[in-house]
Amino acid sequence: MHQEQAAEQERLDTVVQKIDQQLLEAREAYAKAHSETRAVESNYIANTSINTVEIDDAMETNAEIQQQRNIVARVTETENIMAKTVDTLTMLRPNPYFGRVDIVEDNLPETLYIGLASLQDDQGDFLIYDWRAPISGVYYNGTLGKVSYPTPNGEQIVDLKKKRQFVISDAKITNMFDTNETVGDEMLQFALGQQNDEVMRNIVATIQKEQNQIIRDTTSDLLVVQGVAGSGKTSAILQRIAFLLFHAREALNSDQIVLFSPNRLFSSYIADVLPSLGERNMRQVTLAEFFSARLQGLTVQTLFDRYEQEQQMIGQASQNIREVLESADIVKFIQNYVDQIRTDELHFVDIYYEDKVFFSAEELANYMATLSVNYSMRERVDMVQKHFLQVLTDRIDRLQDADWVLEELDNLTDQEYQELLGDEDIEETMAAENVDDVISLVAKRYLTKHWQVIDDALYNSFFLDIYEQYVAFLTYMGEQDIDHRDWWEIKRDRFARQLEYHRIDLEDAAPLLFLRDALTGGGTNQAMSYVFVDEMQDYALSQLLYLKHAFPRAKFTVLGDSEQALFRAVETPQALLNKYAQAFVAKRPTLIKLNKAYRSTQEIMNFAKALLPDGEDIMTFTRHGEKPNLIQTTTNDVSTVLTNEVTRLRQKFQTVAILTKTATQSIKVVDALRNYPETVQLLHATDRSRMANVLVMPIYLAKGLEFDAVIGYDVSQENYPDDQATGLLYTLASRAMHALSLVSVGRVSGLITRVNDTLEK
Ligand SMILES: Nc1ncnc2c1ncn2[C@@H]1O[C@H](COP(=O)(O)OP(=O)(O)OP(=O)(O)O)[C@@H](O)[C@H]1O
């Protein structure tokens, strides 16, 4: 192997030389393109400052500006391409590839090297294949022998003779292994044994077979991934996004992909993965942010707020009503409601312009009353919208020569005037017989711009008072459900009260938006191609269905772990899967289960598994560490115990996180650690990054994250009294990569004592 390593190093040196040479050329080309862009741009700026007072001058300037803009766009594109090439080569240089496969295809032997991006020599031969290329699939999927990979003409079979993995650092091979497995264990041991970074790393060198299935799926319209804690779900979807971007370069860009993530901390935790693969990040949003954006001006309760507010207990009535509002049936209930609303039951609001009523609710309602009830409610709302848009256009036409408008035009700066004239209408302006026509045109544009807000309000059907309508809907639900009428009334009153503070409960967001969209026909984004939902177990079915409705053309990848349910009771994976497949009415649904946990040591996972009713199904990657450490203490001693435990763990590990059940307990822990010498960072739901090595946060904020060592704070019977808390404890334990300690103030929770044998004696 020694000689072989020398030979491989020699080959690597040649590749690195090639990279250096291409890098030199690319940098030169980039510098040239860059200075060309600057020259064109400064020329463009000089030209746009031409006198624009006289109409004729303005027209000439417009034609030139357009031409200049095109030139700027072209040179900028060349510059961007060169910049990307420089970036890719720079990324490849220290670590050009991580894998090699020797294959025999149609009797021809071939050796391929696989890395983060493709590299070709001057003859066009591939020195490195991109890990996402079809042929690279054999590296991830096949054991030695006959394997296949997709080609435009169907599956191609090849004979896989050798599979080799490299650990390369700074262009030197530090280790290499030949393996028959998908991706050998040595490499994975090496990757998983490392200490935690603040940000997630890409896993392309060691993607496992089942993960590869998720990454390379291009056919499913609904891909549901149920994966145990630490099985690489998040990793797999990020590599999947990189894969999709590579394969649909022309048709797909990162703006057409959105990831619903659990919180902002998580967003920044994963933010480096795609850039490390040479790709731009997709959009990221939390569910509450998405809903708040759609309900302008309102704050939608987050899951965390709800959880904190309900620590005391939630009443049975509220619980039952919530179940209805969050069920798939809500879509049907809303449609039934909309189908039976009478004209006079529709709630309108005034449309204002600068503090004055522009269109009154009354005039909108009056117009509505003239429309035949043979049209559906949706059609009539549409007709109201069209009618008032026309009224607005007529008003603009009528007023374009009004004195006050001309006066306001006189007060415009040259630049504002120029902007109104625009540059796409040069011909139209030139054809104008006299200056008056040009002024009328500018006046019309001025008014249109002025009243754009009215246009937008009409366009978005803001003339409907959807909040009042939702109140009416809740009343209607009470009438349908006579036995629980008082429950619905409580809900209705709470909604109205919350609204006064511009807040709504999370459970109302999806039904409210469904109601609005049912009345207006809006709310859909046709441009989104892929929607990813991480931590699916935290979403109610009505919320997932709303996402489906909002992104009708998107393919969905929904992933999570039914057993990490912090906010609901644990459901069996199968039940969850069946529910989604049915509700999404998917044409090509695929379910993938990931049962192997990679994050934590076997000792930590043995404890975590034992907590679950069917935990024995979870397989663990064999990597050893200490058994979890349980410490029982008292209120008086807890400060010393925590300080000592953090000190002990910090001697061995980079990051130590103390995870609590609630935000209030986190504050207590920070106080208890006041004598600990290092910085202790308390994290909140609004935080975007972690700075310290010792972190304190409630478990729900640690969703999706991982730490070298975790201390579970207060695993007492009082804090974790019953089976409802299983999901919490399981999530807590599975955040730890190398070490786990549990601190109980008073009697230890029965959930833990019953799995005593998995703990350190
Ligand atoms: N194939 C792999 N190669 C190397 N590391 C991997 C691989 N798969 C997973 N890991 C590592 O395991 C850890 C867990 O992965 P990830 O966070 O993607 O799992 P998850 O299923 O989303 O976890 P959870 O549901 O618990 O949040 C990460 O550190 C990740 O880098």
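Glycine residues also receive a Cβ, built from the backbone N, Cα and C atoms like all the rest.
What TrEMBL says about this one:
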DOMAIN    206-601  domain 'UvrD-like helicase ATP-binding'
BINDING   Gly227, Val228, Ala229, Gly230, Ser231, Gly232, Lys233, Thr234  ATP binding site
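Shown in sequence order, Asp561, Leu594, Ala597, Tyr598, Arg599 are the same-chain residues outside Gly227, Val228, Ala229, Gly230, Ser231, Gly232, Lys233, Thr234 whose Cβ sits within 8 Å of the Cβ centre of the ATP site. In the three-state DSSP assignment, the secondary structure recorded for Gly227 (ATP binding site) is strand.
Secondary structure from DSSP puts Gly232 (ATP binding site) in coil. Confidence over the domain 'UvrD-like helicase ATP-binding' (206-601), given as mean pLDDT on the 0 to 100 scale, stands at 87. Counting neighbouring Cβ atoms within 10 Å of each of the binding-site residues (Val228, Ala229), the lowest count belongs to Ala229. For Thr234 (ATP binding site), applying a Cβ distance below 8 Å and a minimum sequence separation of six or more within one chain yields Met200, Ile270, Asp534, Leu559, Gly704. For Ser231 (ATP binding site), the same-chain residues that are 6 or more apart in sequence and have a Cβ closer than 8 Å to its Cβ are Asp561, Leu594, Asn595, Lys596, Ala597, Tyr598. Sorting the binding-site residues Gly227, Gly230, Gly232 by the number of other Cβ atoms within 10 Å puts Gly230 first. Lys233 (ATP binding site): 25 other CB atoms within 10 A of its CB, across all protein chains.
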